[in-house]
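Here the structure is laid out as structure tokens; the discussion comes afterwards.
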Amino acid sequence: MASSGEWKPNILVQIKRRNHVQVQPFLRLIQTNNKLQDLSSQLQSRNVHLQVEVDMLREDGGDQHTRQGSMGNSSTVHALEQKLYRLQEELTEMHKKRGENAQAIINLNVLLQEKEREIHRKESVLSEAMANISALQQEKRTLQAIVTELEEANQTLKDEHQALQMAFTAQEEKYRKAQEDNSELVQRWMELKAREADRWNAENADFIRYMGNNNFVLGSQTLNSLDFIVPVVCAEVSVPTTAQFKFDAHDGEVYSIQWNYSGGLFATGGADRKIKLWEIHGGQRENKGTLVGSNAGITSLDFSADDTKIVGASNDFASRVWTVLNQRLQ
């Protein structure tokens, strides 16, 4: 697009071209009109001179006719009158052509004015269009700058997403390995507890045989009156394999579950930063309230000894206490 200093010469060139286009077809007409006007002026001057000569000849002819009684100059006067008549006709024709040319010039002037108004209107439209083009180009440059910034931001986000995806993959691998280690530890712990139970059972069996071989008579004594305590050990240890009841407690992952000390209520905490209180009646769950106010996911829960308060620990390194009755943050 032309700058603000280049459009003025362009408009001047267009105006000159317009004048050439509009004036050139009528140039010969204008020149002919000028010639006719000059010829008309000459004929008028000549007509005046002829009128003067005719008047002088008439006076001379009258005097000679009076003095001489001769008609010798009548033919000359007649010829001059004929010539004067033709000149008057030519002058009349010239005036007629001059009027026609004047009317044609007026019509051409009117047409020229209309063309000039149309040119002014088009120049105004052209100026507005050029201003609009300048504004649109400026807006285009602004939008291009915005697009460039957005592309850079998008590329940055892609790089960050790729880095986070790699970190997530690494953390997922660590989590899988931790689960495997946890399963192995649970299995080892179960085996250890089983061996410990077997050991306690063997000791209890030895103790019972020892008491039977020595014929200890307890009589009316109860077990509570004895001076020793026989530890009671489970003969079998098992982990439940089937869920008795399952439901969706939170919008995300559940990090912690805790029963209260009376056993009638339990709480769940999850990644949605909420603690929910639940009761189970006849295999149906009932939500007893939702505790809010944490800034991160709830990772651990515990009730107070009187079951009136509950404490929750979260990922933002904070612990918060709520009341169970009115469910308010302390």
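From the backbone N, Cα and C atoms, a Cβ is placed for every residue, glycine too.
What you see is a predicted model, and the numbers here were worked out from it, not measured in a lab.
The annotation domain 'Autophagy-related protein 16' is assigned in TrEMBL to 11-201. The average per-residue pLDDT of the prediction over the domain 'Autophagy-related protein 16' (11-201) is 81, rounded to a whole number.
According to TrEMBL, the feature coiled coil maps to 77-188.
If you look at the repeat 'WD' (247-288), the same-chain residues 6 or more away from its ends with a CB under 8 A from one of its CBs are 294-303, 305-307, 310, 312, 314, 322, 324, 327. Among the features that TrEMBL reports, repeat 'WD' is placed at 247-288 (among others).
Among the features that TrEMBL reports, repeat 'WD' is placed at 291-330 (among others). Away from its own ends, the repeat 'WD' (291-330) comes close to residues 252-253, 255-262, 265, 267-277 of its chain (Cβ-Cβ under 8 Å, at least six residues beyond either end).
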Residues of the repeat 'WD' (247-288) by DSSP state, where helix covers H, G and I:
0 helix, 23 strand, 19 coil
Based on DSSP, tally up the residues of the repeat 'WD' (291-330) by helix, strand and coil.
0 helix, 19 strand, 21 coil
